[in-house]
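The structure appears below as structure tokens.
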Amino acid sequence: MYGFNIGKAENAGLHLDNKKSENNNSSNNELHKVINTINNGFQFKDDDDEDNENNLNNESSSDEENQQQQNNNNNNNKNQFEDDDEDQEEEEYISGDDLNNNGQESDDYEEEEEDDDEDEEEEDEESKKLNYDSFFGANMSHNMDFLNSQNINSQIGLMDPHLHSSQLNFEEPQEEIELPAHACAYCATHELSTVVKCMHPSCGKWFCNGKGKTKSSHIITHLVKSKHKEVALHPESSFGDTTLECFNCGCKNIFLLGFITARTESVVVLLCRDPCASGPSKEVNWDMSSWQPLINGGEKAFCSWLVKTPSQVDSERSRQITIQQILRLEEFWKMDPEATLLDIEAPRSDDEKPASTQLAYKDAYEYREIISPLIELEAKHEKELRESLSQSGISIEWSQGINKRYTATFPFSRSDLEFKVVPGDELKLQFISSTGGVIEWEDTGRVIHIDDENLLSLETKSRCSFDSGPKGSYRMEMVWRSTSSERILSAMKSFAIKEQALSSYLYHALLGHPDIPPAPLDIQLPTNFHLKNLPRLNESQISAVNKVLTAPLSLIQGPPGTGKTVISSFIIHHLVKYVKGNDKVLVCTPSNVAIDQLTGKLHEIGLKVVRLSSKLREEVASPVEHLTLHKQVYKLDQMGDGELGKLRKLKEAFGSLSNEDEKRYIYLRRMMEMAILRKADVICATCVGAGDPRLSQFRFPHILIDESTQASEPECLIPLMMGAKQVILVGDHRQLGPVLLCKKVVDAGLSQSLFERLISLGHHPERLTIQYRMHPSLTEFPSNTSYEGQLVSELSHTDRDSQSKFPWPQPKDPMFFFNCTGSEEISSSGTSFINTTEASICEKIVTKFLELGSLPGQIGIITPYEGQRAYITSHMQKSGKLNLELYKSIEVASVDSFQGREKDYIILSCVRSNDYQGIGFLQDPRRLNVALTRARFGLIILGNAKVLSKDPLWNSLISHFKNKNVLVEGSLANLKQSPVILQKPKKLYGQGKLPIPGQNSNSFNYDREHIDPNIGMNMVYGISNNNINNNSNNINNNNNNNINNNINNNNNQRFNTQDGRYSNSQTSSSSQTYYGSTNSSGNTINSNQNQFFNTPSSYSANTGSSYQYRFQQYQQLQQPQPQQQQQPQQQQQPQQQQQPQQPQQQQPQQQKQYQQQQQQQQQQQQQQQQQQQQQKQQPHQQYQSQKQQQQQQYQQPQQYQQQNQQYHQSQLPPKQYHNQRFNNNNNNNINNNNNNNNNNNNNNNNNNNNNNINNNNSKNQNQNQSPRRSPVVGTLQLHCKFDSQPNNNKHISDPNQPQISNPNMSIPLSQSLSFNDLSQEQFNKSNSRKD
């Protein structure tokens, strides 16, 4: 048993040995009494106090020792830390190709993170309760020997409240026993077979293989967080003092090591994964196919045969350290290797949470006060991460170019770094002497090239002269530059103090002030929508162009393949044509790749464009290098023989100039740069590059930011402070967003882009809806899950028929999900994951494509994990049977790197395959949306269907593939449908609604037309694709019921059902709500008052009751009932509607329930029994028997119509609650609606039907001036009375009519009522309302 006092330094504590009692059997009953006594608050009293005192005196020494141990244990448990909820995982963010050259790619190891927002006081109280229970529960129930080791009578006497405290000796101190040196540095477990030593030179600490309260074992957690990779076992363990290393090559990277068994010998051989275990072996007795990693990727722990897991008892007795404390302890160890848990509990200034971002701000000063600390915190965090990354023991080959600069070429591993190194980055090289470790030489250079074999070329001004030094004596470190943060902070300062930085409207719009109306710009709209080298714009693009050109602030949402680059180029061309004077257009994107692509397109349509690059990227190859500013300066310099050319030649010849010549050279170069910029029509730069001092002399009233959703809001602020008067943001917030490294900054809300915040403020984005990239079958799922079914394909199946002979399971649907069951493993860096099974299948698929004639450039491989990317690249080149150069030409990249790009065929490797650890950031719907929309002709997904299906979104995707018969397994030559049974996903939001990528709780509901592709709706939402208006008309023709008349009157009531879906068999409960609340005589109440409650589009995956059952329920409500029987009906009606699903199966259960109540409720229950039996009939049969009766019943007396009309006119709500279209037409609408109700009751009369149509048309004419309403699935209209105060709503009820049993519900007219916001009980109540 282990007990610890964490208030002591260096894992000090108490080691309590168990002493077996000689009389365990005889003392069991007494032991249970003692435990019960403790649980009852120490109220136990023995009958023989005198004997207990004698026993206490006789066993004084034993009792003192036991009591002291108990006191120390209590003190220890009081200092234990609370075990918070560990379900949250820390999502690691991966950047794209570059984000100001500071992107992160390879640290994608999901480590659990505790909630930082937990209340400290509540945590302390919960911790005390946990510690109390831990001692009296775990310490006594799990280790009974602690009590049995003492005389049980002395224990009873110890608990006697009559004993004097002096006899117990509670305060007598006892010397503490130090823990052994091999105790776990986290939890202090020190069982020899369960601990491992970290062999990093700066560490040397011991850690156990237990998890405690974390998801990874303590040794794995330490290795990952500290980036250490070498371990050794304890000298007294079963395997001795062994440093784990590869038997062949001596590799000590524990994340690469695994084991195999010899066929003829009873031995286990340790081999590294690559290259020893992946290549052929010379040892014939080794079974290379049996290789398994030493670290179980799913469990994140060492194999139990090598390092045992602490027992449950030992785990419960150990220090209960949380992941937050571990992370802080690792940070302290970087500064002080001897730091303890006591040190991390000291308050620190950086523990305070920064202020969260807001939707709107009072002024620019408040904006700056909130955002600036977040920028500084992100910069500090990035600086610490970059400067902590390094690689030692590298070998360098030196060369010298014609520019007199030196180039150092050396291999490096991308997966070993947390950041993606790209050309233009700065690195520092150091030469470490072989004796003493002294730095004898260092220099900083910039990366100029990285090839596919991970050979990096670094250009420096000098080279190391210590050629005699041994190989592997060089060290590489990353260099952090503050340029980005400095420019962002400068832009925020300008936003606050410079009035001329941007227009007044944009100032207030960015702050979220709604009072300033936009003033339309005087720009002539285009008449010709076709430009040279650009395709003709489609309807959605033309509509977006016309609205954007005259607006000072506009948003364009471009889903994948909809032509964002095309429309951006057209808008820029038109702005250049109509800008006044010397004004120029500034075009920005957050990444260099995106801005290069847009620069090339602008050059193709004939614009004078200049690409402004940073100084660090001037020597980096670019597809638009001829358009860059420094290359244009170089060309002009070569064409002439001026002073600048002479100085440049001198600098190239001698490597440097004198101080005077250098100043003159810089001045002449700057003057030429200004001349080129003045002649340009468009200047292109990254968002951070827009803050370049060379642009400070220019003003840019027209600014377009492409891919704006990938930039943080402060990053977009840099170009806007250049005199902006018109801003156009282009992007898609349902794809990947900004990349931030600091979790505190992300939690504070800075990860929300400016594009998203403006949508939340009510700015309506213009969505492009026609895509030109993907095969129609590939468009289906992304359209329905991310874009509400609006994304339609302009291409047909024949347009995307590649004529390939690849064995697709369904040739008409070129896609399939290949079910892989291989386990995931931790990558060589320890910060990522790999899946060797998926990599092997990927190589076979690539080989098949190449054999069938596909080119390497047509194939792209996407994986979310850097470790898998590196392993697939290496595995294809080693295992592929075709030419090596073919595999080298195939691009393997992360999801983030592929955003904005496309390939003919995409292979997606999901990697994650475990039972307990989850799927990490694969569950991000935006990342999945990007991965699924990169392919033009075919898509292949490799993953574990059973594991992935636990996530709701992935479950929908795999179900979609399964419904199309493309969920397969087996060999490529014989693919067959997989029989895998999908897991039941966790229900989201309590409504079964799929998440909308990039949309949060305050997302804006777009007012747009709905384009229904009529595909995939059954799979995604569990509802059919039939239009609600068509179904309503069909139902009205068949049943002629008043509820159908309400649906038939949708033109009168102006229902917006663009997004509506309806099903006769199984639909969601939210889509089956009555389209109008009715009174007992069958008239539509809300049509008299013209109150409309539009609800946002919503779908539900839960199946609900059929229309047939709702129709029966409605008919039951309309049956004439005696007044004395109203009360029983009120009691039973809510029960009847509690479970509308599967109505035909529930009838026998309800019938049994009514039969049991029949004995107690005689005549009243007998009548209800008959009504229940009538519901079993089909709607048309019931209609045939009750048609005449219903027609008479639904006839409303003319007197009541007049009274009702007068009453409604006298009780109209205030003007501010009315829509403008109702102000002048209330009386006409009431008369028309009354005529409609009368005409609909005589459905067989053609004249009345014609009158009804005329009335509909007249009402539509009266409403022609009404604004558009947002699309809804169905409109739930409630008949309510509204006073001047919204809180004083009163429901109107007619005293002459019988009341419905369910309570009435009233809501303000200005509110939107969403079906997804209703609980099941409220939904049932709304269905049965009666006025």
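Placed from the backbone N, Cα and C atoms, the Cβ positions cover glycine too.
Keep in mind the model is a prediction, meaning the values are calculated, not measured.
Lifted from Swiss-Prot, the feature list:
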BINDING   CYS184, CYS187, CYS208, HIS218  Zn(2+) 1 binding site
COILED    54-131  coiled coil
COILED    1149-1178  coiled coil
COMPBIAS  67-79  compositional bias 'Low complexity'
COMPBIAS  82-95  compositional bias 'Acidic residues'
COMPBIAS  105-125  compositional bias 'Acidic residues'
COMPBIAS  1032-1052  compositional bias 'Low complexity'
COMPBIAS  1062-1091  compositional bias 'Low complexity'
COMPBIAS  1092-1111  compositional bias 'Polar residues'
COMPBIAS  1112-1150  compositional bias 'Low complexity'
COMPBIAS  1180-1214  compositional bias 'Low complexity'
COMPBIAS  1223-1257  compositional bias 'Low complexity'
COMPBIAS  1258-1268  compositional bias 'Polar residues'
COMPBIAS  1284-1310  compositional bias 'Polar residues'
REGION    1-129  region 'Disordered'
REGION    184-218  region 'C3H'
REGION    198-228  region 'CC/SHH/C'
REGION    246-276  region 'C4'
REGION    1032-1150  region 'Disordered'
REGION    1180-1310  region 'Disordered'
Excluding the flanking five residues on each side, which residues at least 6 beyond the ends of the region 'C3H' (184-218) place their CB within less than 8 Å of a CB in that stretch?
2, 4, 11, 13, 83, 86, 89, 111-112, 224, 226, 228-234, 236-238, 243, 252, 299-302, 304, 307-311, 314-315, 318-323, 326, 329, 333, 337, 916-917
Select one residue from CYS208, HIS218: among these binding-site residues, choose the one with the most other Cβ atoms within 10 Å of its Cβ.
CYS208
Through the lens of DSSP with three states only, how would you label HIS218 (Zn(2+) 1 binding site)?
helix
How do the residues of the region 'CC/SHH/C' (198-228) split into helix, strand and coil according to DSSP?
9 helix, 4 strand, 18 coil
CYS184, CYS187, CYS208, HIS218 excluded, remaining Cβ within 8 Å of their centroid (Zn(2+) 1):
ALA185, TYR186, ALA188, THR189, THR194, VAL195, PHE207, ASN209, GLY210, GLY212, SER217, ILE219, PRO310, SER318
DSSP three-state call for CYS187 (Zn(2+) 1 binding site): helix, strand or coil?
coil
If you run through the region 'C4' (246-276) with DSSP, how many residues end up as helix, strand and coil?
0 helix, 11 strand, 20 coil
